[in-house]
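Novice: Okay, handing you the structure first.
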Amino acid sequence: MGMSSLKLLKYVLFFFNLLFWICGCCILGFGIYLLIHNNFGVLFHNLPSLTLGNVFVIVGSIIMVVAFLGCMGSIKENKCLLMSFFILLLIILLAEVTLAILLFVYEQKLNEYVAKGLTDSIHRYHSDNSTKAAWDSIQSFLRCCGINGTSDWTSGPPASCPSDTNVEGCYAKARLWFHSNFLYIGIITICVCVIEVLGMSFALTLNCQIDKTSQSIGL
């Protein structure tokens with residue numbers, strides 16, 4: 001691989017990571033917006049930090065840090081930054097694979113845990129404003145009511161529930177949506193993993209080529 005190939009690989013990796021850094025900024029900004037306005041509230045009181053805003057902030061921050069290392073490591077031809085970029089991508093990839101396996105193995109227990117958490121939050125609807133905001137947002141957005149239907153609301157469905165008597169429950173509707181779109185979710189997940197593997201390959205190739213170039217010019 002000559003100097004022209006090295007430059008091409010360097011700029012491909014740089015622009016590849018620059019695009020992801022911009023995406024990370026957008027995700028982080030959206031997460032901060034959700035935290036400031038707090039429109040979605042807290043749904044699971046045993047996991048108060050598990051809010052949509054916090055998830056976007058964490059994901060956006062991780063993308064920005066990893067992409068920054070890739071950008072600077074490639075454009076500066078810095079081996080330390082490139083290896084840090086490679087290691088972080090490897091950790092993220094392994095974490096994603098581990099999470100997918102755990103979700104598959106403990107799917108039934110996860111369903112029970114989520115259903116229990118949702119039942120507890122319904123009981124808090126009239127006593128906690130944050131829970132009320134979360135349920136109102138979900139029911140209005142998904143056009144659903146309760147966990148499995150209107151019968152979950154013992155004192156009558158709130159105003160955020162659709163007026164249709166045969167309306168679906170939110171949990172049931174969310175699960176149905178997930179199963180009906182499982183193929184598309186799988187394709188997106190595979191694409192993300194492929195992009196991560198390509199990023200790791202580019203970083204490792206560029207790192208090795210920097211070594212060879214340094215040796216050839218006697219550094």
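Using N, Cα and C of the backbone, Cβ positions are placed for all residues, glycine too.
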Novice: If you look at what TrEMBL says, which of C144, C145 makes a disulfide link with C161?
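Specialist: Recorded partner, per TrEMBL: C145.
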Novice: Need the cross-check against TrEMBL: the disulphide partner of C144, picked from C170, C191.
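Specialist: Cross-referencing TrEMBL, the cysteine bonded to C144 turns out to be C170.
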Novice: Can you tell me how far the Cα of C161 (disulfide bond) sits from the Cα of C170 (disulfide bond), in Å?
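Specialist: Taking the Cα atoms only, C161 (disulfide bond) lies 10 Å from C170 (disulfide bond).
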Novice: For the disulfide-bonded residues listed here (C145, C161, C170), which one has the lowest count of neighbouring CB atoms within 10 Å of its own CB?
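Specialist: Counting other Cβ atoms within 10 Å of each of the disulfide-bonded residues C145, C161, C170, the minimum falls on C161.
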